[in-house]
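Read through the structure below, which is laid out as structure tokens, and then see the notes.
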């Protein structure tokens, strides 16, 4: 990014401060923050968004439940209610981003030329009217003139975040009311995006719910400097408010719906044991990464294109760090791993970096196992990895959601996470993985276990049974120790030529270069030196 952009960014924030000063009331004390619930259903045939509102509700166990909603933007969306006017905002769930932000009603476009000195090969970006139509008509944008929103008391008044698909947002750090299914979270801090760059090749992001651990992004101070900024995460804010007792959460996703539980996980969704895998250690890592030891391809069919009547399993050594990321749609693995998988079906790796095979080279019983060690093996059907089928005179061709990843960023996205139950506990440096109960649904009765309790007796390599030997009390506060949110999915699609369509949030970013949309640029010190050079 060029230095003039950051001068411009500070000016833009100063202008924003002047224009909205009268809209803010500095009320002493902490704000009450609550999240209301809304559920939407996914139409598999039409592949279109449907929104069906439901009332606030609590699970029979007493835990608050928040439904997420399906959209066509390639992600899982949570409905977060903010403001004294209690409006609902659809925000992308992202385990690779720390900050929760929402788009402002008066959002204006950033052009590529305002951000980058060299714009060769860079999309010019969407116009202001286009962004407002996509973000504020299809979703809900934040209107700070009709709510009790106010700036935070921090000296860092603004934030700047850039993502792997080049999406860039600039805005204010805010405090306002929020609503969590009958629970109040005092003084909820979030970002309000007032300027945004979106490529015309991808869907507009209406906002993000950041589920990663706290990490440093770019901030803008009240004395007009670019500074390092570590925003409070939504998980940490729930802990600080004594709503949950541990900064951990469990995630259940499938093609239609899903569920996010802060502070706990749902035993009813799990078949067998939870396998606890160590988070990969790194001095600068702040992502939910684990070591993937190997992949096993199990073939069990014959076809017109593959002559062998019976094929044995093929073990492929990987032994590399991979990041679990709900903000990423596909699976990104080392180049030689992807090529080995393609070879098992006499397929190829396309120029776009994904596996292409004949559809009759596999059966419904074929699967790929992801092996994390200590019997932590999880199967994904090859059929479930198909993102597009193309008719051909020599036989239908299937494109798989397996991509060659960038060497600095191997990712297990939604095409993996839909087939496991995942639990994230940064403090314990553990990620729990479990096979899904085939009868699990987000509407079934919850059987919630506290993550802290589950991990007390766990050591490296051990698993925790989904059926506890002792009953555990999880009503640690008057609110309980877990929050339950449910989700619905947003699949991406692939065009006939194999390139990702604009429905995917990774279309021109992660899909082409293997970089997650959630990979925030963390370079504040560099920006300061550029600004004052």
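Positions of Cβ are set from backbone N, Cα and C atoms, glycine also.
Taken from Swiss-Prot, the feature signal peptide covers 1-23, and the record attributes it to sequence analysis. The feature domain 'Peptidase A1' is assigned by Swiss-Prot to 76-434. Taken from Swiss-Prot, the feature N-linked glycosylation site applies to 79, 106, 138, 153, 166, 271, 278, 299, 319, 439, supported by sequence analysis. According to Swiss-Prot, the active site annotation covers 94, 325, on the basis of sequence analysis.
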Candidate nearest residue 138 (N-linked glycosylation site) in space, where candidates are the recorded positions 94, 106, 166, 319, 325 and distance is Cα-Cα: 106
Neighbourhood of residue 106 (N-linked glycosylation site) by C-beta distance under 8 A, where only residues 6 or more apart in the same chain count: 194
Three-state secondary structure, which DSSP defines for residue 106 (N-linked glycosylation site): strand
Sparsest-packed of the listed glycosylation sites (79, 138, 166, 271, 439) - C-beta count within 10 angstroms: 439
Number of Cβ atoms other than its own within 10 Å, given for residue 153 (N-linked glycosylation site): 10
Glycosylation sites listed as 299, 319, least Cβ neighbours within 10 Å: 319
Confidence summary (mean pLDDT) of the domain 'Peptidase A1' (76-434): 88
79, 271, 325, 439 screened against residue 94 (active site), Cα within 10 Å - retained recorded positions: 325
